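Participant: Dumping the structure here so I can ask a few things about it.
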Amino acid sequence: MNPNQKIITIGSICMAIGTISLILQIGNIISIWVSHSIQTGSQNHTGICNQRIITYENNTWVNQTYVNISNTNVVAGKDTTSMILAGNSSLCPIRGWAIYSKDNSIRIGSKGDVFVIREPFISCSHLECRTFFLTQGALLNDKHSNGTVKDRSPYRALMSCPIGEAPSPYNSRFESVAWSASACHDGMGWLTIGISGPDDGAVAVLKYNGIITEIIKSWRKQILRTQESECVCVNGSCFTIMTDGPSDGPASYRIFKIEKGKITKSIELDAPNSHYEECSCYPDTGKVMCVCRDNWHGSNRPWVSFNQNLDYQIGYICSGVFGDNPRPKDGKGSCDPVNVDGADGVKGFSYRYGNGVWIGRTKSNSSRKGFEMIWDPNGWTDTDGNFLVKQDVVAMTDWSGYSGSFVQHPELTGLDCMRPCFWVELIRGRPREKTTIWTSGSSISFCGVNSDTVNWSWPDGAELPFTIDK
């Protein structure tokens, strides 16, 4: 083959390759156009149905590698219209308690990014229930978890996440800088109360829908503190209780009425022989009932009930089935403070039904272990130690902690009554488990049902120590 023939042959091959490449490019353009037309047609069809599509992305990090677990398209059909929560309904009749949520946050936190927390609580709007919690500005199994047994620090913050989920940086919403807190929804927006600052000058910051609306300064300069559970909203007004003063003697207790984040009224309780801390409150037929912790001298729980004008009544649960911890053995109760083992205490709750009362308490008399619900049909007014129903939810051998009430309004459930619910904190780590450098907790929750339920144990279940502890 002479040089001219070689040139012609090479040129022909190049032209053939170029032609094939051009055909492939044209085919690619046609394919993209067809695909786009199909997608556009699908979107137009969705628009005709007048539905909104929300894409939920579930992502995580595994050993520093980003993994997209799932992308799920969900048709959002729930009405998000705002409405004022009336709070006028009575509590639903119940026979027991059904498990509602369990977040397993300590177990998950041994390998995943989960916040170190304490004082979790639950509050519901007319659309959803959320878990609120006080972080320590640290993650489990990380060096900054060291020393998180401390209650009050500038690193603590109130955050929230969907109920039943382990609180992590990826699903949690910042609410307020706080080492003591409360939150509730009036049907129009979230009210959050976050207390932070020095012991002798703490400040409560009130926010409504995330905007600062009011400030409350410590009036006794002795650790201003609030409920560590949900506040209560009735007919557009929200109510909360704060304490300022000694934890082992008479202190100052104030009820605040708040509308859209602004304080409209407040009163101080005249209760020189009572002690109110960490109150668990709920609405009942337009009034507010709070069952609290007496850290001074009562092993039975104090209560305060008030209407929307803040006219109030006070007392102690009379039952000989004692609700605090530490406490004596059940026996003879009193409608005044029961002084036996009355010092110290733990946050708790009860639900009043006429003269009867559902009492939530640790199973242990002396340590924060186990949890049970007891129905005393005459316990609000009578002092005997008899009861009719006991339901176990955490075994005596497993750690518990704080507990508190929350309700689900008829606007959420569709019922014609207020559904009573409660949560239990499952504390792990220090000071009891000294193999760890940290203190944190997970949570479980239950709601009242008018049907048979079951005795069982839903413990935290994490195996300690973690890698950071070794």
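Any Cβ shown, glycine's included, is placed from N, Cα and C.
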Participant: Same Ca(2+) site as Asp294, Gly298 according to Swiss-Prot: which of Asp270, Asp311, Asp324?
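Facilitator: Answer per Swiss-Prot: Asp324.
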Participant: Taking Cys92 as one end of a disulfide recorded in Swiss-Prot, give the other end from among Cys417, Cys421, Cys447.
Facilitator: Cys417
Participant: Per Swiss-Prot, which of Cys129, Cys161 is disulfide-bonded to Cys124?
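Facilitator: That would be Cys129, the partner Swiss-Prot lists for Cys124.
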Participant: For each of the disulfide-bonded residues (Cys233, Cys279), count the other CB atoms lying within 10 A of its CB, then report the residue with the highest count.
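Facilitator: In terms of Cβ crowding, the pick is Cys279.
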Participant: Given a separation of at least six residues and a C-beta threshold under 8 Å, show me what packs close to Cys421 (disulfide bond) in the same chain.
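Facilitator: Sequence-distant Cβ neighbours: Tyr100, Ile122, Ser405, Phe406, Val407, Gln408, Ser445, Phe446, Cys447, Gly448.
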Participant: Which of the disulfide-bonded residues Cys92, Cys124, Cys129, Cys279, Cys318 has its Cα nearest to the Cα of Cys290 (disulfide bond)?
Facilitator: Cys279
Participant: Restricting attention to the region 'Involved in apical transport and lipid raft association' (11-33), give the mean pLDDT.
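Facilitator: Result for the region 'Involved in apical transport and lipid raft association' (11-33): average pLDDT 66.
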Participant: Check the Cα distances from Cys292 (disulfide bond) to each of the disulfide-bonded residues Cys184, Cys231, Cys233, Cys281, Cys335, Cys417 and keep only the ones within 10 Å.
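Facilitator: Among Cys184, Cys231, Cys233, Cys281, Cys335, Cys417, the ones whose Cα sits within 10 Å of that of Cys292 (disulfide bond) are Cys281.
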Participant: Taking every protein chain in this structure into account, which of the disulfide-bonded residues Cys92, Cys124, Cys335 has the most other Cβ atoms within 10 Å of its Cβ?
Facilitator: Cys124
Participant: Quick one: what's DSSP say for Asp324 (Ca(2+) binding site), helix, strand or coil?
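Facilitator: The residue in question, Asp324 (Ca(2+) binding site), is coil (DSSP, three-state).
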